Structure formats: structure tokens, C-alpha cells
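Written out below as C-alpha cells is the structure these notes cover.
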Amino acid sequence: MNPESFAAGERRVSPAYVRQGCEARRAHEHLIRLLLEQGKCPEDGWDESTLELFLHELAVMDSNNFLGNCGVGEREGRVASALVARRHYRFIHGIGRSGDISAVQPKAAGSSLLNKITNSLVLNVIKLAGVHSVASCFVVPMATGMSLTLCFLTLRHKRPKAKYIIWPRIDQKSCFKSMVTAGFEPVVIENVLEGDELRTDLKAVEAKIQELGPEHILCLHSTTACFAPRVPDRLEELAVICANYDIPHVVNNAYGLQSSKCMHLIQQGARVGRIDAFVQSLDKNFMVPVGGAIIAGFNEPFIQDISKMYPGRASASPSLDVLITLLSLGCSGYRKLLKERKEMFVYLSTQLKKLAEAHNERLLQTPHNPISLAMTLKTIDGHHDKAVTQLGSMLFTRQVSGARAVPLGNVQTVSGHTFRGFMSHADNYPCAYLNAAAAIGMKMQDVDLFIKRLDKCLNIVRKEQTRASVVSGADRNKAEDADIEEMALKLDDVLGDVGQGPAL
């Protein structure tokens with residue numbers, strides 16, 4: 001309602017009441033105006049009424065919501081189901097144009113504004129999380145793997161002779177396939193074991209660059225957040241190597257935005273060396289549905305080149321989800337979530353260590369991994385190879401999701417490349433182990449339930465192993481008795497034959 005509408009309302013309802021309602025609306029509009037002027041995430045989160053007012057105001061700016069609109073094109077924002085329209089707050093046109101995912105759509109001013117505001121808020125939050133010198137970013141409606149592929153395809157035009165991507169090994173399929181899908185050959189650099197941790201082999205990286213030739217290498221593809229006992233790559237050292245050899249550097253920061261340590265590594269890497277782009281998942285860092293990622297970097301023209309590489313328009317759903325989430329939380333709400341995640345990591349580490357010791361296991365020492373933990377399974381794996389896999393299945397059927405039981409000796413072929421010791425990030429890690437991670441949104445009751453159910457599962461597995469050992473021992477005893485009996489019978493036969501020798 002505009003001032004004229006309020007004035008008209010005063011003729012029907014007491015002016016004092018109408019003015020009070022007008023002031024209340026102005027409070028909502030003030031928050032919206034500040035957002036549009038500053039382009040920053042508000043310190044305090046909005047309530048739902050402000051959010052819905054803002055989204056409604058944006059939606060009515062799109063041509064499909066114009067009163068009396070006559071559409072005669074092939075894409076006019078028509079929706080058959082009213083439920084689908086409500087699900088998307090009537091934002092039907094998506095974002096971008098055929099030549100650029102960040103471009104403005106003439107038919108969809110509201111959706112275009114939503115896209116611009118979302119990208120601005122996300123940039124603000126990346127700075128809040130620790131990468132203060134980030135220059136540009138945009139939300140792309142693809143998960144991390146395909147977003148990495150988009151980065152590699154953009155680099156293809158800048159390095160036409162390149163055919164290889166240097167990649168310190170991490171046993172996760174999508175990041176490997178992202179390189180293959182882009183048409184490049186991943187050069188896998190095995191990690192080195194330092195204590196319990198698997199760390200970047202810097203000498204091997206540099207040796208491979210010299211062997212292949214820098215001009216034949218598209219980029220170095222490094223990783224921050226990962227499953228223990230692997231830890232984030234040595235980003236500062238890798239960034240220096242990339243700067244020295246003039247090789248682009250793309251960082252897979254899938255769920256690292258929630259970790260101040262991972263973000264500090266990226267900030268420092270960009271300060272001392274070269275980082276061209278870093279990619280993070282929306283669902284892993286902002287607790288929204290799967291399907292979106294943020295591509296960010298320190299050189300605005302290069303990030304714009306990546307956005308122009310995206311063919312066609314794109315879904316606005318991931319942008320809408322993260323916009324609603326950030327406006328609901330505000331900076332203070334998101335900072336609180338980051339703080340709670342750190343506290344949960346310490347709590348999970350303490351509880352898992354106690355449980356490990358109670359079962360004659362130990363928590364692997366991985367101080368450079370700020371999110372994931374690992375507990376040895378030596379006492380289980382020593383009895384039976386399948387016991388580790390069985391433990392993982394038991395946890396899943398008892399509604400424990402996210403835990404990974406990693407046996408020794410797994411062999412997996414991904415896009416033609418065979419990984420030995422798959423899931424453990426190394427050909428021959430010393431022991432089987434169980435992973436658990438303290439990611440954003442985890443609560444204390446999640447940790448308590450996990451520890452309780454893991455304890456029960458470990459006890460069940462051990463009882464079954466003990467029973468199997470007893471049965472196996474009994475079978476061996478029976479077999480030995482049968483062998484003795486058989487030998488006795490044969491001896492009797494021999495003696496009988498001797499006693500029945502021919503008469504003289």
C-alpha cells in the first residue's frame with residue numbers, strides 16, 4: 001500500500017489506527033530499503049512477514065505476474081500448477097540470459113534483482129567467514145562437481161595447449177569426475193603420511209609440473225575440507241608454486257566456508273601466491289536443499305568469464321533458498337551457527353575419544369582437519385575384513401547417517417582410473433577407521449545419540465566375532481577328533497590284516 005491507499009483507508013477506519021498500521025509497514029520497508037541500498041546481509045535476521053513482503057514486492061515486478069499481461073513467446077513464465085507457483089513465490093523466469101547467468105532479464109526485473117542481491121549477500125558472508133579480500137562471486141544452480149567443471153571449461157579458452165590437471169588425491173568421486181567431464185586428464189598426486197595425517201606431497205606436485213611442462217597444465221586443483229585422516233591441502237605452498245610457474249589454481253572448498261581454518265587457508269593462499277577461484281556448496285554451508293554452489297575469486301573479470309560460460313538461463317531456486325536463509329539468520333545468526341559448529345567439533349572429538357579408548361581403539365590425531373574426525377577399527381578389522389563394512393551398515397540401519405566405515409584394501413575405478421585403498425585417500429593406510437564430522441547445524445543430541453548407537457553396534461560386532469571364534473574353535477576340535485578316529489580305524493585295519501596273514 002502506498003500513501004494514497006493509506007489516506008483512502010483513513011476515510012473508513014480511524015486515522016489513528018491507519019497511521020499506526022502505516023508506521024508498522026514503514027518498519028518493514030525500512031529494512032528492505034537498507035538491504036537494497038547496502039547490499040549486505042543484515043546484522044539481525046528478518047521475521048517471516050518482512051521476508052514475504054519483500055519476496056512479494058519482487059515477484060510482482062516479473063512480467064508473468066503483471067495484471068493483463070499478454071505473452072506470445074515460447075517462454076512466458078506460465079505454470080500449470082498453483083502449488084508449483086506458490087513453491088517458487090511466483091518467480092518463474094529464472095535468472096540470467098542466454099549469454100550470461102548474471103545478466104538482467106528485461107521480462108523479469110524482480111528475479112534479476114533477487115539474483116543481484118543474493119550474490120551481494122553471499123559475497124558479504126564470504127568476507128564475514130574469513131576471506132576478506134574476495135573480489136567477486138555468484139550463485140550457480142549446480143552442485144560443487146559441475147561448478148568445478150564450469151571453472152575448468154572457462155580456463156580451457158585461456159590455456160589452449162593444456163590437457164592435464166594436477167590433483168592431490170582425495171577419494172571423492174564428483175571432484176575427480178568434474179575434471180574428466182571437462183575433457184582433461186587428472187594427474188593424481190598421492191598424499192604423504194605424517195603421523196596419522198595424510199598431507200600434500202609438495203615435492204611430487206612440483207616435480208610433476210616440471211615433468212609435464214607448465215604450458216600443458218590447465219590448473220592445480222586443490223581441496224580444503226575433506227574426510228580425516230586426510231587434511232586440507234597446503235594451500236599457501238601450492239599457491240606459491242602456482243604463482244611461480246604461472247599456473248591457475250582452483251580450490252574445491254565444498255564445505256569449507258563453515259570453517260574459519262579453511263577460509264584462512266584460502267585468504268593466505270591468495271595473499272602469498274595464486275588462487276583463481278574457489279567453489280563451495282550451498283547445502284553444506286547454508287543448510288538449504290542440494291543443487292547450488294558459490295563460485296568466488298579474487299579477480300572480478302575472471303569470475304565474470306566463468307558466469308558467461310554458463311549456457312542459457314538458470315534456475316532461481318538455489319538463489320532464492322540462500323537469500324531467504326541469510327535474511328532469516330542475519331550475520332549474527334550465521335556467526336552463531338559457526339560458533340556452535342566449533343563447539344560441537346570439540347564435543348564430538350572428546351566423546352569419540354572416550355568411546356575409542358573404552359573399546360581399545362584410539363582417535364586418530366588429525367589436528368589440521370577442522371571438521372572431520374576418525375577413530376581406528378583395528379580390533380574389529382583384525383578379526384574379519386567384512387566386520388568394518390558390517391559396522392557401517394549397522395549404523396545406517398540404526399538411523400546414523402554421515403558416518404563412514406572405511407575398510408582396508410578397497411579398489412574402485414572412477415572414470416577409468418583405478419584407486420587402491422579407495423575411501424582412505426591412500427593406497428595403503430595403516431588401519432581401518434570410522435569417520436564422523438561436526439558440520440554446521442549439528443546439535444549436542446546428535447553427538448550423544450551417535451556415540452550411544454556406535455557403542456551398541458561395536459558391542460554387537462564384537463559379540464558376533466567372539467561367537468564366530470568359539471564356533472570356529474569347536475569345529476577345529478571336531479575335525480581333529482575325526483582325524484584321530486580315522487587314523488585309529490586305519491591302524492586297526494592294518495593290524496587286522498597282519499593278524500590274518502597266510503597259514504604256513
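Indices start at 1 and increase along the chain as displayed.
Every residue, even glycine, has its Cβ placed from backbone N, Cα and C.
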Annotated N6-(pyridoxal phosphate)lysine residue, as Swiss-Prot has it, among Lys163, Lys177, Lys284:
Lys284
Swiss-Prot has Arg97, Ser98, Gln105 down as binding substrate; which of Arg271, Arg274, Arg313 does it also list for that site?
Arg313
Per Swiss-Prot, the region 'Tetramerization' among 1-44, 441-484 spans residues 1-44
Among 96-106, 206-216, 382-392, find the range that Swiss-Prot records as region 'Phosphate loop (P-loop)'.
96-106
For the region 'Tetramerization' (1-44), sequence-distant contacts whose Cβ falls under 8 Å of one of its Cβ atoms, 6 or more beyond its ends:
50, 53-54, 57, 113, 116-117, 120-121, 124-125, 128, 326-327, 330-334
List, in sequence order, the same-chain residues at least six positions removed whose CB sits under 8 Å from that of Arg97 (substrate binding site)?
Ala103, Val104, Gln105, Arg313
Kindly report the helix/strand/coil residue split of the region 'Tetramerization' (1-44) according to DSSP, in that order.
31 helix, 0 strand, 13 coil
At the Cα level, what's the spacing in Å between Lys463 (tRNA binding site) and Lys284 (N6-(pyridoxal phosphate)lysine), rounded?
37
Which one is it, among the binding-site residues Arg75, Ser98, Arg271, Arg398, that lies nearest to Ser14 (phosphoserine) by Cα separation?
Arg75
